[in-house]
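> To start, I am sharing the structure in question, which I have written as structure tokens.
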Amino acid sequence: MATPPQPGPYAADLPAVPEWLNKGDNAWQLTAATFVGIQSMPGLVVLYGSIVKKKWAVNSAFMALYAYASTLIVWVLVGFRMAFGERLLPFWGKAGPALAEAFLVGRAAFPATEHHGDDGALVAPRLEPFYPEASLVLFQFQLAAITLVLLAGSLLGRMNIKAWMAFTPLWLLFSYTICAFSLWGGGFLYHWGVIDYSGGYVIHLSSGVAGFTAAYWVGPRLKSDRERFAPNNILLMIAGGGLLWLGWAGFNGGAPYAPNITASIAVLNTNVSAAASLLTWTCLDVIFFGKPSVIGAVQGMMTGLLTNCIGLHTAHAGLVHTWSAILMGICAGSVPWVTMMILHKKSDLLQKVDDTLAVFHTHAVAGLLGGVLTGLLATPDLTALHSHVPGTRGALYGGGVAQLGKQLGGALFVVAWNVVVTTVILLGVGLLIPLRMPDEQLKIGDDAAHGEEAYALWGDGERFDVKRPEAARPRPWSNGAREETADHGLAGTGARGVTIQL
């Protein structure tokens, strides 16, 4: 008696497994998307909520949360196809929804990436991963979302939350999609041969430049906040940073769109360069300031991830030897350190603009550094696995200055576009909604912005009221212990720790 066919997901003829689908590729891409998502939710939400003053913990975390959620809706409505659809302009794709089942279950494709030579001959076919469009939409959404979350780091502690709610979808549509299509989706920089492996330019240079520009137009924090902005929970800040480090495997490991050799090298290089950058930053802190800063270590880790891994490395995580990853990590931990700790204090412009978490230094500088090092260190063998342009290689491998020139040209476009578009969007939003909260509300913080606070200041969620009569205040110190007044007990509970002093 013949064995009946096995039912369920392993049936011989299963509609959910078309001939072009590679289950391994699809599984890894979904996993990589999840890892990248962890960086934003909860990674940066936790980091932002803990690295700021206690009075801004809720507002800072919510800015990240809102950016993440709003990006997803705009992305599936029109954003994805503007960044990765059919060519409309040399720098922009045709808008359209990514919601229909027929579209999402079809094979993923980058229609504009088909590359032809000067004689019209096909040099490289369009990129078509072996998984459905839905997986690509999800992965690219996570990259778009974290870009806006990173941008928020420049504006913490003073931006009107309503202005932020209006700004995020507009910036996604008119800035992020432009850069993503130009460099990844088949735009003019892609076909010219500019290399951005997984976001050194599209994500980090963009967010750093746009954040700095936005900080200029929104205006500074209160003087008291700029002078001292101590973290309210350093341990949670480290936890948020750890989620970023963990999640970066999805960033650079998912960028090749398959779990191939490039992905393996990228994930290894990501971790190596992050560690080297963290150690470099920490050593510089010890040498010049006498003690290691925990915040500095987290910043060094991030510059290693995005400069080396994402910047150098994003631009290069999968394109260089691992010994180069160590070199990139050292550069990532030293160059942004110098710009933040030394050059910042000598520049009137940098001093004037209140970039809350120094996103310009940790992301824009690191991303640019990554692109430049890509032009120097990209090996011909590894680049052949990624680039569609024949013979692409770094200057140190016989490529001359051609690739370096392309990297600088691509960076110039990203910088100029973000400065102009961010300015236009904010000036437009500012006509309808004040960009900065009033000083009276800035003195209060979360309670003024949201009517909520991060921590219960007294009892079981009961807020401490300085106007309450002394006799009516609960006294937890008893049973023979020396009683202290509530006022005295709270006097020494201010947040302590190393702060970012620019």
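For all residues, glycine too, the Cβ spot is worked out from N, Cα and C.
Note that TrEMBL annotation is computational and uncurated.
Not my notes, these are from TrEMBL:
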TRANSMEM  27-49  transmembrane segment
DOMAIN    28-455  domain 'Ammonium transporter AmtB-like'
TRANSMEM  61-84  transmembrane segment
TRANSMEM  137-157  transmembrane segment
TRANSMEM  169-192  transmembrane segment
TRANSMEM  198-218  transmembrane segment
TRANSMEM  230-251  transmembrane segment
TRANSMEM  257-281  transmembrane segment
TRANSMEM  293-313  transmembrane segment
TRANSMEM  325-344  transmembrane segment
TRANSMEM  356-378  transmembrane segment
TRANSMEM  411-433  transmembrane segment
REGION    469-490  region 'Disordered'
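Describe each of these features in terms of where it is and what it packs against.
With a threshold of 8 Å between CB atoms, the same-chain residues lying at least 6 positions outside the transmembrane segment (27-49) that come near it are 57-58, 60-61, 63-65, 68, 129, 131, 135-136, 138-139, 141-143, 145-146, 149-150, 152-153, 156, 236-237, 239-241, 243-244, 246-251, 253-254, 257-259, 263, 298, 357, 454.
Same-chain residues lying 6 or more positions outside the transmembrane segment (198-218) and placing a CB less than 8 Å from one of its CB atoms are 143, 146-148, 150-155, 158-159, 163, 167, 171, 175-176, 179-180, 183-184, 251-252, 254-255, 266, 306-307, 310-318, 352-356, 359-368, 370-371, 374, 410-411, 414-415, 418-419, 421-423, 426-427, 430, 435-436.
Same-chain residues lying 6 or more positions outside the transmembrane segment (230-251) and placing a CB less than 8 Å from one of its CB atoms are 31-39, 42-54, 57, 142-143, 198-199, 267, 270-271, 274, 294-295, 298, 301-302, 305, 309-310, 314, 454-455, 494-499.
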> Check the transmembrane segment (257-281) against each of 137-157, 325-344, 411-433 and return whichever range has the most CB pairs under 8 Å.
325-344
> When each of 61-84, 169-192, 411-433 is checked against the transmembrane segment (137-157) for Cβ pairs under 8 Å, which one has the most?
61-84
> When you scan the chain for residues with a C-beta under 8 Å from the transmembrane segment (411-433), skipping those not six or more beyond its ends, what do you find?
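Non-local partners: 160, 162-163, 166-167, 170-171, 174-175, 178-179, 182-183, 189, 201-202, 205-206, 209-210, 213-214, 217-218, 368, 371-372.
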> Looking only at residues six or more beyond either end of the transmembrane segment (169-192), which have a C-beta under 8 A from one in the stretch?
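Beyond its ends, the transmembrane segment (169-192) has Cβ neighbours at 70-71, 74-75, 78-79, 82-85, 87, 90-93, 110-115, 126, 140, 143-144, 147-148, 151, 201-202, 206, 210, 406, 409-410, 413-414, 417-418, 421-422, 425, 428-429.
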> Sequence-remote contacts (6 or more beyond its ends) of the transmembrane segment (61-84), Cβ cut-off under 8 Å?
40-41, 44-46, 48-49, 92-99, 110, 112, 136-137, 140-141, 144-145, 148-149, 151-152, 155-156, 159, 161, 164-165, 168-169, 172-173, 176-177, 180-181, 184-185, 450, 454
